[in-house]
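Trainee: Shown below is the structure under consideration.
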Amino acid sequence: MICRTIVEGTTKISVPIPPPDVNFPPSAAPVFYNPEMELNRDINVAATAAFVKRLLSRKDLKREEVRYVDAFSASGIRGLRIAGEVGIHSTMNDWNPEAFELIKENIKINGLEEKAQATRKNANVLLHEQKFHIVDVDPFGTPAPYLDAAATAAQGMLSVTATDTAPLCGAHLNSGIRKYAAVPLNTEYHSEMGLRVLLGACARECAKHEKGMLPLLSHVTRHYVRSYLEVLPGTKHADRALKSMGFSIYCPKCGFRGPVYGLAVHIEKECPACGALTKIAGPLWLGPFREPKFCNEVLSELEAHPLNTKEKAKKIITFCRDELDIPMFYDQHVICKELGASATGIETLIEALKAGGFEASRTHFSGTSFRTDAPIAEIKKIIQALSG
């Protein structure tokens, strides 16, 4: 295995050089390393550091006693950065024997023998055998087969990545139903649909083990969904989390969307805005997908660490923090296309909605998306007025 040395943050590792004649080199290498996920890993360092500070303020723990596991480590870059840049004990696991050997080599390169260890086990077996304060599930594809074990092992925070956005977002409907036990819809807000389906699956898995979960930070970036969830033991927390579950109604004729809370509820088929037949997605998470206070703590950690993607990360976290807690965003371009209207600047639209007496905000999902409590008819009136 021919390798090269790369640096992320303050961590130096050896990674395999993939063949030059393949479409997606990272997946063709003997051990997976994707440089495009450095932004994800930078945010992970900041979010984990922020949570560790919370954990140490609440529990009688020393920093070196906090235990983190990366269940799918590959080169070990994610777990090594946590050990070296956050300063907690990191377990890096991978079933691939070449990955296992490379992780051990990279531990030595960084002098982290006292703070890090490599294991070679099936991820579900490891997570059923041991408990960790922070469990990180970042597989190649869907995390669904590992959520039960992850919910069992997580004693403080569960961090989850999903790259199977087509099933999550409704593009591959049956696959999404099989993996997440939820019906997604492929709408203009499909990225948020995927996030809420994933959060709903996590909430249900935690509840099975009499645990609740509270989303601290979630974002959809490029081809993946990423969430950081505080895991809270006890039936009270489990029941409270399930109260944020429900269904989303969508009218393909007029664009109406609305939440219906509850796992066993009566849902009218007719759109309350235009009377047409609606489509239903769920069950999914309808509560907030981030905690503004935690977002501020992550922003502080981003400033404190030397990171290559710092400015991009800060922009994502700031947008997440400032979004309204109203499920399912609108896309200005989709509405403009329906109306035959010209799009205006997104900030101009936000201000016009606020001037009309409504709440409104941008979102991190796209540059043309926004949230508002305005009825769909009022949104269209305002967009038409701005279009002239």
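Using the three backbone atoms N, Cα and C, a Cβ is placed for every residue, glycine included.
As annotated by Swiss-Prot, S-adenosyl-L-methionine binding site applies to Arg41, Arg78, Asp94, Ala123. Sequence annotations record features per position, and here Swiss-Prot assigns Zn(2+) binding site to Cys251, Cys254, Cys271, Cys274. Residues annotated as domain 'Trm1 methyltransferase' in Swiss-Prot: 4-383.
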Trainee: Suppose we draw a 10 Å sphere around the Cβ of Cys254 (Zn(2+) binding site). How many other Cβ atoms does it contain, all chains included?
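Mentor: Result for Cys254 (Zn(2+) binding site): 16 neighbouring Cβ atoms inside 10 Å.
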Trainee: Counting only residues 6+ apart in the same chain, whose Cβ is under 8 Å from the Cβ of Asp94 (S-adenosyl-L-methionine binding site)?
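Mentor: Correct list: Phe72, Ser73, Ala74, Gly76, Phe100, Ile103, Ala118, Arg120.
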Trainee: In whole Å, note down how far the CA of Ala123 (S-adenosyl-L-methionine binding site) lies from the CA of Cys274 (Zn(2+) binding site).
Mentor: 49
Trainee: Determine, using Cα-Cα distances only, which of these binding-site residues is closest to Cys254 (Zn(2+) binding site): Arg41, Arg78, Ala123.
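Mentor: Result for Cys254 (Zn(2+) binding site): the nearest of the binding-site residues is Arg41.
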Trainee: Fill in the CA-CA distance, Arg41 (S-adenosyl-L-methionine binding site) to Cys271 (Zn(2+) binding site), as an integer in Å.
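Mentor: Roughly 42 Å, rounded to the nearest whole number.
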Trainee: Do me a favour and check the Cα-Cα span between Cys271 (Zn(2+) binding site) and Ala123 (S-adenosyl-L-methionine binding site); whole Å is fine.
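Mentor: If we compare the Cα positions of Cys271 (Zn(2+) binding site) and Ala123 (S-adenosyl-L-methionine binding site), the gap is 45 Å.
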Trainee: Average pLDDT across the domain 'Trm1 methyltransferase' (4-383)?
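Mentor: Residues in the domain 'Trm1 methyltransferase' (4-383) carry a mean pLDDT of 96 in this prediction.
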Trainee: Which of the three DSSP states, helix, strand or coil, fits Arg41 (S-adenosyl-L-methionine binding site)?
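Mentor: Assignment for Arg41 (S-adenosyl-L-methionine binding site) reads helix.
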Trainee: Select the most exposed residue of Arg41, Arg78, where exposure means the fewest other Cβ atoms within 10 Å, treating these as the binding-site residues.
Mentor: Arg41
Trainee: Given the S-adenosyl-L-methionine binding site residues Arg41, Arg78, Asp94, Ala123 in the record, what is the largest Cα to Cα distance, rounded to whole Å?
Mentor: 20
Trainee: Just the number: how many Å between the Cα atoms of Ala123 (S-adenosyl-L-methionine binding site) and Cys251 (Zn(2+) binding site)?
Mentor: 41
Trainee: Between Cys251 (Zn(2+) binding site) and Arg78 (S-adenosyl-L-methionine binding site), what is the CA-CA distance rounded to a whole number of Å?
Mentor: 42
Trainee: Identify, among the binding-site residues Cys251, Cys271, Cys274, the residue whose Cβ has the fewest other Cβ atoms within 10 Å in this structure.
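Mentor: Looking at the binding-site residues Cys251, Cys271, Cys274, the Cβ with the fewest others within 10 Å is that of Cys274.
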Trainee: According to DSSP, which kind of secondary structure is Asp94 (S-adenosyl-L-methionine binding site) found in, if we only use helix, strand and coil?
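Mentor: Coil, per DSSP.
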